[in-house]
């Protein structure tokens, strides 16, 4: 999240292809998993307090990183900044605190793990042949590497969240959940998606289309059998999640519901902890409002049990 995102693009640039795949596909999801598994269920009142702050940071990050991506020339940095934008979209979905938003954020995490990893593999294929990641040295690869260009085009469409790909259903559910919570933040998130289409198309057009540059490119061999075999699981996963996404929401419904519907004993424990911590973070007036909200909620739960 902005402003603590600066390390990620540099880490991807310095890491080998396998390191970038692990970082984008697995490690980048640990923070959002922590939100979903621990922060939101264990601290519901604190989550409500910090939701406006998280929403503000995430909305700013989506617009900022999307605009920054348009100015990058390193292929890995472009995908890295795109990952920052997508993960901030995930936090917006999680902190919408409804089934649609949380379910969509989980789907987008799974999809991003596939799509971003595949895009880093595509960059790795180019780097192995031409020893550069700078976009200005590429162009016209469709004439010499047609199989690579086709696969790269498919994952570019998935990064744009085209309907029928894995990212579409996740981003759509996030927008639905965010509009229920805050229409302004949802609008900014939608604007970030439009910018995502812009930099994705720019990246593909710069690398694949145009005139071939033989002065800078050295090895024009297309994908070999080993590389195609590596891409197949990513292709299958992206198509499966895009064409038949129903199986994933059905599996995640219970987890998403538990994330914002904690049982009463857990709420009582959490309230005792939050009551100790909040005076250090908020003014007394704000603390009283939180306690009043909690007391009202407890009375409603008690009346429902009696009824």
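Heads up, the Cβ atoms here are built off N, Cα and C, so glycines get one too.
Feature annotation from TrEMBL assigns domain 'NADH:quinone oxidoreductase/Mrp antiporter transmembrane' to 1-190.
The feature transmembrane segment is assigned by TrEMBL to 48-67 (among others). Same-chain neighbours of the transmembrane segment (48-67): 1-2, 5, 81-82, 84-85, 88-89, 91-92, 95, 97, 181-182, 184-185, 188-189, 191-192, 195-196, 198-199, 278, 282, 286, 290, counting only residues six or more beyond its ends whose CB sits under 8 Å from a CB of the stretch.
Annotation source TrEMBL lists transmembrane segment at 79-99 (among others).
Under the heading transmembrane segment, TrEMBL lists 106-127 (among others). The list of residues near the transmembrane segment (106-127) in space but at least 6 beyond its ends in sequence, with Cβ under 8 angstroms from a Cβ of it, reads 12, 16-17, 20-21, 24-26, 28-29, 32-33, 36, 75-76, 79, 82-83, 86-87, 89-90, 93, 133, 138, 148, 151-152, 155-156, 158-159, 165-167, 169-171, 173-174, 207, 223, 227, 230-231, 234-235, 237-238, 241, 245, 248-249, 252, 255-256.
Residues annotated as transmembrane segment in TrEMBL: 147-176 (among others).
The transmembrane segment feature in TrEMBL is assigned to 183-204 (among others).
The transmembrane segment annotation in TrEMBL covers 228-248 (among others).
Taking every recorded stretch in 79-99, 147-176, 183-204 and counting its Cβ pairs under 8 Å to the transmembrane segment (228-248), the highest total belongs to 147-176. Residues 1-2, 5, 8-9, 11-13, 24, 28-29, 31-32, 35-36, 40, 47-48, 51, 54-55, 57-59, 61-62, 65-66, 68-69, 72, 105, 108-109, 112, 116, 119-120, 123, 159, 167, 170-171, 173-174, 177-178, 180-181, 185-186, 189, 192-193, 195-196, 199-200, 253, 256-257, 259-260 of the same chain, all 6+ positions outside the transmembrane segment (79-99), place their C-beta atoms under 8 angstroms from a C-beta of that stretch.
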